[in-house]
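Heads up: the structure comes next, in structure tokens.
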Amino acid sequence: THTQDSGVKSFLSFCKTRKQYRALTFILTFLLYTSFHLSRKPISIVKSELHKNCSSVSDLATIGASSGAGSGQQPSLLTAHLTDMDCSWKPFDKRNYKQLLGAMDYSFLCAYAVGMYLSGIIGERLPIRLYLTVGMLTSGLFTCLFGLGYVYNIHSLGFYIFVQVANGLVQTTGWPSVVTCISNWFGKGRRGLIMGLWNSHTSVGNILGSLIAGYWVSSNWGLSFIVPGLIIAAMGVVCFLFLIERELLIISLGSKTRRVSFNHRKSSITVTNHLFLCCLYLQGVIEFSLCLLFAKLVSYTFLFWLPLYITKAAHLDAKKAGDLSTLFDVGGIVGGILAGVISDKLGKRATTCAIMLLLAAPTVSMLLVCGGLVNGPYSLITTAVSADLGTHKSLKGNARALSTVTAIIDGTGSVGAALGPLLAGLLSAGGWDQVFYMLMTADFLALLVSSFILLIEANS
């Protein structure tokens, strides 16, 4: 389109060398996916505001009742007035609030897991720039819609569940698109380090989302969603104007020749017609997918429940709990980069994952360390491993395979991401210790699966 051409031309006028193109693409895709995670984080910060600790209100009501009786006032009326204060946001004011909050998480993540498989199939047939732009604009819309529930005083659980499901579906446009784009620009050389640095956008987005949501959570939690929603929508416009999917596109524009079709590489009939099955049965895809399932179960349980746990266990307000929860994501940044460097040096992705998962189990209560050890394998599998498998020689250079492999691996991982917060909501009713036992079990299962990958890696 004319708009895209003008955006590309401004890119071309700024960039003079291949390294500059790659650097700007790196930064742009980094910022694009940062905005995705930035818009996912507010729900975990706002949970403690949706259901507050009302013990202080009950104490105030008791004192009020006593003083009312001593002053001759009707204590029953005064007590009723104080206990009817809007302490929590309906319908999350009930005793089963943890299950209701867990249902909201599950709605988003289950839709995300199902949508991810479809996203790989759809995304491989559409231009990445347009597919990603539509996803970001609609994600911004649904994120803002959740915040408008506060503005318009909406107390229907069905409304919030619908918004979460819709947002989960449209957010699946992000990951396959940005991984495919960044892999188109960067080859296999030092892929672990490059992807480790690049994948820190998940933790950076979580940190920024926590800080932005925490700023408004106590005064107007609607803005905790509306502001991130506007940010991801604005980044969608930036994506439409400036994202360049492939290096070949620049060559064709720079030399003023006709555009090149990027899917004209020769592929076998089997790979072309049965791409999904070919990618699914590719050695390592199922194994790494299952490993990611358990790793994301741990990571997303922390993502969605850590601020609420800190609020209840340490008796901190929502803003302080949100700020403290960012330690897990700071560790995730370090862990992702470290995993990339180690895997590049060793040349063994599975070995790196296994070592970090083994060390992670005893550290689930240490936020900074656990964040690094859990998010390290998570980062490595979703980026460098997906890129390695998606460009495997058995796929015969099929240009669409990378998006499909990425969708399969991250889609399976998202099943774990959906189960983790759901189980946390159910188990936390019997005490938070049960949640941590669940997290340690998931980590050991991830380690067990990675041991099978170690055998494959050793044989190869």
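Backbone N, Cα and C atoms are what each Cβ position is placed from, and that goes for glycine too.
Sequence-distant contacts of the transmembrane segment (21-38), counting only residues of its own chain at least 6 positions beyond either end whose CB sits under 8 Å from a CB of the stretch, comprise 11, 14-15, 132, 136, 139, 171, 174-175, 178, 181-182, 185-186, 194, 198, 201-206, 208-209, 212, 228, 231-232, 235, 238-239, 242-244, 247, 250. The feature transmembrane segment is assigned by TrEMBL to 21-38 (among others).
What TrEMBL records for 28-458 is domain 'Major facilitator superfamily (MFS) profile'.
According to TrEMBL, the feature transmembrane segment maps to 100-118 (among others).
Beyond the transmembrane segment (130-152), the same-chain residues lying 6 or more positions past its ends with a Cβ under 8 Å from any Cβ of the stretch are 32, 35-36, 39, 42-43, 89, 122-123, 159-160, 163-164, 166-167, 170-174, 177-178, 220-226, 228-237, 239-240, 243. Annotated transmembrane segment per TrEMBL: 130-152 (among others), in sequence order.
Residues 21-22, 25-26, 29, 32-33, 36, 39-40, 43, 103-105, 107-112, 114-116, 118-120, 123, 128, 131-132, 134-136, 138-139, 142-143, 145-146, 149, 194-195, 198, 243, 245-247, 382-383, 386-387, 390-391, 402-404, 406-407, 410 of the same chain lie 6 or more positions beyond the ends of the transmembrane segment (158-186) yet place their CB under 8 Å from a CB of it. For 158-186 (among others), the entry in TrEMBL reads transmembrane segment.
Taken from TrEMBL, the feature transmembrane segment covers 198-217 (among others).
Sequence annotations record features per position, and here TrEMBL assigns transmembrane segment to 223-244 (among others).
The transmembrane segment annotation in TrEMBL covers 275-304 (among others). Same-chain residues lying 6+ beyond the ends of the transmembrane segment (275-304) with a Cβ under 8 Å from its Cβ atoms: 40-41, 43-44, 47, 105, 109, 120-121, 124, 206, 325, 328, 332, 350, 353, 357, 360, 364, 370-371, 374-375, 377-378, 381-382, 385, 389-390, 392, 394-395, 398, 400-401, 404-405, 408-421, 423-424, 435, 438-439, 442-443, 445-446, 449-450, 452-453, 456.
Sequence annotations record features per position, and here TrEMBL assigns transmembrane segment to 324-342 (among others).
Per TrEMBL, transmembrane segment is recorded for 354-374 (among others).
Among the features that TrEMBL reports, transmembrane segment is placed at 435-456 (among others).
Using a Cβ-Cβ cut-off under 8 Å and counting only residues 6 or more beyond its ends in the same chain, the transmembrane segment (435-456) has close neighbours at 283-284, 287-288, 290-291, 293-295, 297-298, 301, 305, 309, 350-351, 353-354, 357-358, 360-361, 364-365, 374, 377, 416, 420, 423-424, 427-428. Mean per-residue pLDDT, taken over the domain 'Major facilitator superfamily (MFS) profile' (28-458), amounts to 78.
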